[in-house]
Amino acid sequence: MKFSLAVSFFILMSLLFEDACSKEKSSKKGKGKKKQYLCPSQQSAEDLARVPPNSTSNILNRLLVSYDPRIRPNFKGIPVDVVVNIFINSFGSIQETTMDYRVNIFLRQKWNDPRLKLPSDFRGSDALTVDPTMYKCLWKPDLFFANEKSANFHDVTQENILLFIFRDGDVLVSMRLSITLSCPLDLTLFPMDTQRCKMQLESFGYTTDDLRFIWQSGDPVQLEKIALPQFDIKKEDIEYGNCTKYYKGTGYYTCVEVIFTLRRQVGFYMMGVYAPTLLIVVLSWLSFWINPDASAARVPLGIFSVLSLASECTTLAAELPKVSYVKALDVWLIACLLFGFASLVEYAVVQVMLNNPKRVEAEKARIAKAEQADGKGGNAAKKNTVNGTGTPVHISTLQVGETRCKKVCTSKSDLRSNDFSIVGSLPRDFELSNYDCYGKPIEVNNGLGKPQAKNKKPPPAKPVIPTAAKRIDLYARALFPFCFLFFNVIYWSIYL
């Protein structure tokens with residue numbers, strides 16, 4: 001029993017809370033709702049009678065009291081000519097990924113409606129500036145943007161609509177719009193490309209028998225100096241045209257278009273893409289000047305170059321649309337990637353030459369043969385220097401070794417003056433105490449008469465590098481820069 005009472009109480013409180021919330025919402029809606037304007041044709045005779053007879057409001061009421069906005073001017077007669085012009089407030093940059101651009105414009109339309117001719121007793125100016133709320137009471141062209149993706153009106157602080165009614169029945173409407181328009185891009189020459197973006201104004205429901213759009217004579221599109229981050233747009237490059245379309249089953253529909261020519265500025269891509277990738281390619285060539293057996297230095301340099309170029313390609317691919325054709329930037333990046341990869345392949349070929357046993361043995365044989373030839377030349381020199389008894393012939397040509405020897409000549413008189421006639425020509429570091437009387441090096445004995453032990457380790461053997469490996473590096477130093485320079489000449493002559 002207690003449980004059922006608790007449930008009933010909970011349900012009752014929930015209903016009361018829901019009712020209170022609904023009342024609060026309805027009161028907020030009532031406060032936020034604007035007062036609805038009634039057209040003169042919708043007002044009662046009593047309301048119209050309250051307006052002073054000689055006032056401007058009364059003149060407007062007289063014009064619109066029998067006006068039907070559902071019927072176009074000159075019904076069943078000549079088509080209505082609507083003169084169109086546009087003032088561009090701002091022009092957004094083109095988005096390559098979505099292939100569109102955004103503009104903020106004042107759209108102005110002017111047509112003649114004989115039903116709105118001001119009466120002859122109107123003593124004011126030649127035009128009436130009418131409140132925008134009256135715009136819905138008039139007939140208006142059903143203009144829409146054929147290549148529009150999204151659009152919106154502006155209503156801060158009031159609806160951005162300007163309405164004029166002229167004495168002869170001309171109606172001028174100006175409204176502020178922000179529109180995102182599609183612009184199919186041809187990126188074959190990207191980033192040295194020039195794009196042509198259209199804005200098409202078309203009638204939605206009226207055929208050419210009822211309505212025609214006409215560009216205003218003179219400058220139908222007014223464009224202030226606009227600075228875009230990536231493009232240059234000039235007033236002289238704007239083109240106008242007619243794009244009247246035929247739809248099967250309904251007929252021809254009037255359409256006018258304006259074409260904007262936008263030339264891309266290459267500076268950003270020169271500094272952000274071309275210069276860094278060029279430097280990476282040049283960096284990969286440094287490996288040709290590094291010793292062929294220094295794989296610890298050459299391999300990381302080549303891998304770094306290839307990975308950096310691949311990363312640049314991936315980053316740019318994410319910022320551009322997925323198109324099926326090759327862009328100019330793709331050609332550059334692929335070429336740079338191939339040059340970086342080729343430098344890595346070049347070192348692989350050098351390593352093959354370096355580790356080829358036949359080439360290594362052939363190089364060792366060549367070196368041994370050269371040393372043998374040098375040895376024979378040394379012996380001949382020695383024979384010319386020392387005679388058969390060991391007597392020096394020309395002491396300045398004695399081979400002074402590193403072995404330090406003990407003095408054995410007891411006095412200078414032991415020297416044969418006829419043999420050492422040019423002692424004065426000895427080098428400064430030549431110590432006579434280390435040589436015997438005939439200029440031959442002798443061993444130095446310790447106190448026990450044993451030769452002094454030499455603990456010096458023999459130097460490590462030099463790696464044998466085949467001549468073919470060195471020749472490949474030598475050719476690469478000239479071939480790679482020449483090929484890259486040739487590619488640059490062809491590339492820039494085509495795309496610039």
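Just so you know, glycine gets a Cβ as well, placed from its N, Cα and C.
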Topological domain name match (Swiss-Prot): Y246 vs N355, membrane: no
Whichever of C137, C197 is disulfide-bonded to C183 when Swiss-Prot is consulted: C197
Per Swiss-Prot, the candidate from N54, N387 carrying the annotation N-linked glycosylation site: N54
Range annotated as transmembrane segment - as stated in Swiss-Prot, picked from 127-147, 295-315: 295-315
Cβ neighbours within the same chain of C197 (disulfide bond) - under 8 Å, at least six residues apart: I94, Y101, L181, C183, I259, F260, L262
C255 (disulfide bond): nearby recorded positions from R108, S174, L307, Cα cut-off 10 Å: none
Recorded positions: C243, L307 - member with fewest neighbouring CB atoms within 10 Å: L307
Neighbouring C-beta atoms (10 Å sphere around the C-beta of N242 (N-linked glycosylation site)): 12
Segment confidence, the topological domain 'Cytoplasmic' (290-294), expressed as mean pLDDT: 87
